[in-house]
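Input: a single structure, listed below in structure tokens.
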Amino acid sequence: MSGKNLFFLVLLLFIPVSLAAHYLEWGDLIVFITAGLAILPLAAWMGAATEEIAVVVGPTLGGLLNATFGNATELIIALVALNAGLVNVVKASITGSIISNLLLVMGLSMLLGGLRYKEQTFQPIVARVNASAMNLAVIAMLLPTAMNYTAKGIGEETLQYLSVAVAVVLILVYALTLLFSMKTHAYLYDVGIAEIETEENPHPKPNMFLWSGVLLVCTLLVAVESELLVDALEVATSQLGLTALFTGVILVPIVGNAAEHATAVTVAMKDKMDLSVSVAVGSSMQIALFVAPVLVIAGWILGQPMDLDFQPFELVAVVVSVLIANSISSDGKSNWLEGTLLLAAYAVLGFAFYFHPAISGIG
Amino acid sequence: MSGKNLFFLVLLLFIPVSLAAHYLEWGDLIVFITAGLAILPLAAWMGAATEEIAVVVGPTLGGLLNATFGNATELIIALVALNAGLVNVVKASITGSIISNLLLVMGLSMLLGGLRYKEQTFQPIVARVNASAMNLAVIAMLLPTAMNYTAKGIGEETLQYLSVAVAVVLILVYALTLLFSMKTHAYLYDVGIAEIETEENPHPKPNMFLWSGVLLVCTLLVAVESELLVDALEVATSQLGLTALFTGVILVPIVGNAAEHATAVTVAMKDKMDLSVSVAVGSSMQIALFVAPVLVIAGWILGQPMDLDFQPFELVAVVVSVLIANSISSDGKSNWLEGTLLLAAYAVLGFAFYFHPAISGIG
Amino acid sequence: MSGKNLFFLVLLLFIPVSLAAHYLEWGDLIVFITAGLAILPLAAWMGAATEEIAVVVGPTLGGLLNATFGNATELIIALVALNAGLVNVVKASITGSIISNLLLVMGLSMLLGGLRYKEQTFQPIVARVNASAMNLAVIAMLLPTAMNYTAKGIGEETLQYLSVAVAVVLILVYALTLLFSMKTHAYLYDVGIAEIETEENPHPKPNMFLWSGVLLVCTLLVAVESELLVDALEVATSQLGLTALFTGVILVPIVGNAAEHATAVTVAMKDKMDLSVSVAVGSSMQIALFVAPVLVIAGWILGQPMDLDFQPFELVAVVVSVLIANSISSDGKSNWLEGTLLLAAYAVLGFAFYFHPAISGIG
């Protein structure tokens, strides 16, 4: 058993601990922290189970499965928070997921990979297709916000209609992106997929029933722990002196994206930058083109209307993150300084969100 | 006779129909639609006549002619609307022309071309020079708006002075761009021009007098139909439940740019992406560096002062269109997904303009 | 003796003239102009002395010296102005230095070089690393401004804390950039350094004591002349009908960057574009990553709190300058039209700053 698996087994202990903390009322701060820690191994095993099942069901259905369940942890946390009415935290966690994937995950990968290898290369074509899709997603997120900011007095209903219309377009584009990468232009992505398989699945025949069970159990447990996390969130973060914005943009995505962090950094240190960049950029693309629109539509159905009208400052943060990540990844080369620049950008954004006043409350 | 020409001949019938609708008072909506349809074949023949005359007078003068009359339809409609005092519609049609050339025309070309050919290539150098010129034009359009938005209380006169000064710089830059592409660095553009000639002029000696007559008659008829269109615009669009902004940004440019649409898509399906991209990007560059500044100066002379202070939301739309078009065209390759991304960007912008409240009236 | 040196010797006469103008009270306008002219040769000799000492002390220490004293003139003028409480002029001169290096210096170099050579090339890798660092610096400058603009009612103290935190990150990044360019990836920069040495130091053994003396004397004289310049600035510019913003953004950087202008243009006309671009982009990077953060920290110590909350319009100007400069330099090729586009962008920005109302006073 590897050190990583042992570490995850230990983290599993936080599932009973968090439940005890909740029912024995040890305080919201302890519930919040232990539930957050308990989600980490569950997210990792959900990812592993998805990969194993993907191998069994074949590349097409498997790719679709990966594309849908790849960000399942974020999606579950967000749905629970949305149902609890924490609309602003959910919105903030969307922007935060995009930012942390592009800056923190990709930055750490390029820095730690670059400390071992003078220059690392990856296929710029995949980075570019992803970058263009990200640009579209940013435009889609930007428009309702820009409209609300430049033309005061738009009704909430109009913003909601616009957001749903935009969400439908984004989900269609996401489906077409999958068609492109898995069918019509799959050859462009070959290297990456081959590496994923070698990397994650060294054994020949995974047991589909076992892994489906693992996936089901982990999904349920993530949902339970998310309930605890979300319930305790308001009190815990205000005890820590943090705003809802900082919690949503910085803390929640670190919990939700821990699995991507681990994968991207590990493979970068093995000089597999193609895979590392595609995990980081692909995950942020999935958030923007799939998770965010699904949440808009889910919010509509749940009676917790969630539009795409972000706080202008969140949008500034997403736009600059996408621009600097595109600028650094567009040449298909990386080194430790480029990783450092991404991390520095994340640090200054983190400072800014820390100091940003909480204008609109947690809900 | 080709199907396209037959189609255009049928559309010519809308000239008498629109005149009848106007004088017999069949209602503004009918005048608006029939005048719009009547302009389509006239614009196509103006384009054809310009090309033919350009062949006779030689590359230099011909290039100049193409560069000046290439967007004659938009210019005529805009001048008529400006003279009628519809300043906001004119401004909106400038931003709309840029957006529709970069997203709708280029997107359709890349999508339909990409459905036939897995990957299409074009010279990135021409795309890049055009992109840099577009960036400058966007900066020039952005500054008066940004100034008015960030420093409240600027006099209209100051904005007008700034706009005229900027317009003069842009027209100078346009002239230098022509000098660059036709004289000092013409070799960079050789492929494109050769293709235009092969494409559009298979016959050896066009009759200059005939085509000059066609150009003159079409210009006059476009002007007449533009009068009808503009007269009926306010009532017709409000009957359709559309704002002046949506009409200017989405409807008017589709009528004005129909010829470019047809050309760019047709040649893209013949795998001549160099020509297709240069029609789309070149046309939007011409709007930004030539048509818009000419309108500013014309407005000054006509006593209908038109500054470059756009609505912030229009500017957001232009900026994101230029960024995504640059990002997609910068590598000199295209495929159906990139076309789809451009069209999706156009769709979400279209939704946004549809839902955008009409704050400032039609004038 | 070359014509350039003779010209500088003549300019030295303005040192006694400016002192006389100050003490004999010939008027602030005369003091302002003569002090500005007196700084030009001093800045040039400070640069020359730094280069000579750098040769003696070896590449590492020499590179560090160059990186620290390269913008000494700007830094001294800014410190004197900051000490006199002209915080807004200092901020404006930071944005102005970035803009003038990227647009005016690089534009003139590409235009004048491009009039001699059809196409000039330079290493895009260095341009790209610099561009990514500039993007980070722009983000850092943008965040406090965006925060203050989007969330009204932030305390001055919060902005100050955020600015100092960001300044510390930027100085760390600057140090890492030096480590990258001088140690771990020095080979990427080899061409440039070799050219600098051939260019500037044809003679074998510079006298270190002589040049240290020159550096010391020039630094002191620049400080004295800066005092005169800053003292006379308010009255002189208002006599000229100029705002503090225009003075800071356009006038002060032309004086402070004269040495870079001369070097960059001269070497561009010898077809050494690598060196020319790296002077222009490197200098603007140094301003953003070193001079600006040092001023924030110095202002804190001097009791003249200077945050990174710029006027939104200044920020718009910096962002568009960086975007157009990146877009033009990213392909490693230049021609006269690209130089013209940069100069045209500088011209329209100049017009805009000229017409921009002075909202916040000189201090």
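Each residue's number is its place along the chain shown, starting with 1.
Any Cβ shown, glycine's included, is placed from N, Cα and C.
Some features that TrEMBL has for this protein:
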{"type": "DOMAIN", "residues": "C:29-182", "note": "domain 'Sodium/calcium exchanger membrane region'"}
{"type": "DOMAIN", "residues": "C:213-353", "note": "domain 'Sodium/calcium exchanger membrane region'"}
{"type": "TRANSMEM", "residues": "C:30-49", "note": "transmembrane segment"}
{"type": "TRANSMEM", "residues": "C:61-82", "note": "transmembrane segment"}
{"type": "TRANSMEM", "residues": "C:94-113", "note": "transmembrane segment"}
{"type": "TRANSMEM", "residues": "C:125-147", "note": "transmembrane segment"}
{"type": "TRANSMEM", "residues": "C:159-180", "note": "transmembrane segment"}
{"type": "TRANSMEM", "residues": "C:208-224", "note": "transmembrane segment"}
{"type": "TRANSMEM", "residues": "C:236-256", "note": "transmembrane segment"}
{"type": "TRANSMEM", "residues": "C:277-301", "note": "transmembrane segment"}
{"type": "TRANSMEM", "residues": "C:313-329", "note": "transmembrane segment"}
{"type": "TRANSMEM", "residues": "C:341-359", "note": "transmembrane segment"}
Same-chain residues at least 6 beyond the ends of the transmembrane segment (C:30-49) whose Cβ lies under 8 Å from its Cβ atoms: 8-9, 11-12, 14-15, 17-18, 21-22, 69-70, 72-73, 77, 200, 211-212, 214-215, 218-219, 221-222, 225-226, 228-229, 231-233, 236-237, 251, 255-256, 258-259, 262-263
Long-range neighbours of the transmembrane segment (C:236-256), counting only residues six or more past its ends (CB under 8 A): 28-29, 31-33, 36, 39-40, 43, 71, 73-74, 77, 86, 88-93, 95-97, 99-101, 104, 229, 311, 314, 317, 350, 353-354, 356-358, 361-362
Considering the transmembrane segment (C:208-224), which listed stretch of C:61-82, C:125-147, C:159-180, C:277-301 counts the most C-beta pairs under 8 Å: C:61-82
Tally of DSSP helical, extended and coil residues in the domain 'Sodium/calcium exchanger membrane region' (C:213-353): 118 helix, 2 strand, 21 coil
CB contact flag for the transmembrane segment (C:277-301) and the transmembrane segment (C:159-180), at least three pairs under 8 A: yes
Other parts of the chain folded back onto the transmembrane segment (C:125-147), taken as Cβ under 8 Å at six or more residues beyond its ends: 95, 154, 159, 162-163, 166, 169-170, 173, 177, 180-181, 188-189, 192, 274, 277-278, 281-282, 284-285, 288-289, 292, 307-312, 315, 318-319, 322, 325-326, 329-330, 332
